[in-house]
Amino acid sequence: MDPKEEEDAALRQEAGGSSDPHDDVGECGGASFPGGWLRRLSRELHWSFVLAVVAVYGACQGVGDAVGGVAAGYYWKDVQRVQPSAAQFYQGFISAPWVVKPIWGLLTDVVPVAGYRRRPYFLLAGVIGLSSMLTLSLHRKLGIMPAILALTAQSAGAAVADVTVDALVAQNSITHQPLAADMQSLCGFSSSVGALLGFSISGLLVHSMGSQGALGLLSIPSALVFLAGVLLKERRVTDFDYKQVHRKFYKAIESMGATLKCAEVWRPCVYMYVSLNLSLDIQAGMFYWYTDPIVGPGFSEEFIGLVYSIGSIGSLLGVLLYQSSLKDYPFRGVLFWGQVLSSLAGMLDLIMVTRLNTRIGIPDYVFAVIDNSVSQMVGRLKWLPLLVLCSKLCPPGIEGTFYALLMSIQNAGLLMSGWWGGLLLHLLNVTRTEFSNFWVAVLIRNISRLLPLMLLFLVPQSDQNSMLLPAEMLKDSESTEAGKAGADTAGFSILVADDSSCHALNVAIEDEMIKVVDAGTDNVELIPLMNKLQDRGS
């Protein structure tokens, strides 16, 4: 074993894993279902990593997004009484904090609070979400603007929690390459199970408490995020020079700019943004049609929750199918079939809106369950490879910030798809009671989902276990030190470019590392970096 291999083996042992790299690979391929890879992730990384993922993805984004999605739909329709196009626009505005995720990423990477880099931001996210949802639920006559601000604040809290836990995923994807797909599966599995639970109770909550009361219950997931921040095991940073924060911000931005100039990075980014931008979101119109008793099927609150909860089983099946059968296939192949299946799944909406299902003897309630189950399963199969792709594009040292940047590109695409969808509903005169042209909007959306296939050549042909970044970037001395820091310290390093190429990342990091107390080798430092959610992209 040469010195480099000995160094890698020592790093794996310090992180709690096997000293033999083949052990990790073999074990990754052996356990495809939750019990196996949950135990493996807890052992190889740290149990607090799994706890943080479950708290954020399972409770906040899974249960929270499920209950919040149903409750917000009824809130805009029945309390604020806005048109579907306006509701679609407001939902896009509320998701704006997810577009500026790099700001939260920079803060968690650069600015420790009371000596901690991660815990304070979990705590902050919990407080913001808790206070905003209680405000919305306790004030019964809020105007549209205050309601938008409250929901936007809750979205900001969720985004801060998401970017913090995503840093864990990105960092560990670098230091534990064979576990990258498993970590994304954990995120997707937690979100799917949480969504299943949330949708199962969402209709009952809206029916019994009203939409505002149900939204007030979103303070509970925020409280769980706060609790995760309290329990998170993190070493305290000492001797941090706050006077250097502005310099670190500048270097981080400079480094991200240099990385984005890499063809290996900007080409997939363009594809991700365009593919999500062109997948028009007309979900608000679909919700209004679902609940219309004259033109639509007139589903009740309880049945709406039931439809979405059963549909979440499809999302969960999508995670398991990806984990067991698709995680080793090339990116292009998986994304190609994801786009095609997404367009075909959208045709189920068209069949239902045109009432063709009733003509062939399939009741609305049966077809709605089938429609949502298939759509959510396909949405997961389309989303998970994009998340793995993003985790593979993060350079060592700024994993948290750069992963947040990649997520913000995706969220910007989702935001634009919602606004384009709202504009489409407005142009086709789809209102609270008028749905005669709604089938045209559904058809246009389905066709638009095929357009990104023209840009699929921008995605790398390699499989999902390969390293995508240039070897020069990963072999820098900085990269080695950053990997060590991710394994057993809370250090932060910045990769700085001295020219415009993607290989100009070779500034020594000794001056950037932070001295840490209790720098033992028996725990993995959780260096953060993801709703959404996923299901927002389906």
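In case you wondered, yes, glycine gets a Cβ from its N, Cα and C as well.
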Of 186-207, 362-383, the range TrEMBL tags as transmembrane segment is 186-207
**OP:** Answer yes if the transmembrane segment (88-108) and the transmembrane segment (213-232) have at least three CB pairs under 8 Å among residue pairs 6 or more apart in sequence, and no otherwise.
**Re:** no
When counting C-beta pairs under 8 angstroms to the transmembrane segment (334-353), the leading stretch of 49-76, 186-207, 213-232, 270-291 is 270-291
Checklist entry - Are there 3 or more C-beta pairs under 8 Å linking the transmembrane segment (49-76) with the transmembrane segment (186-207), counting only pairs at least 6 apart in sequence? => result yes
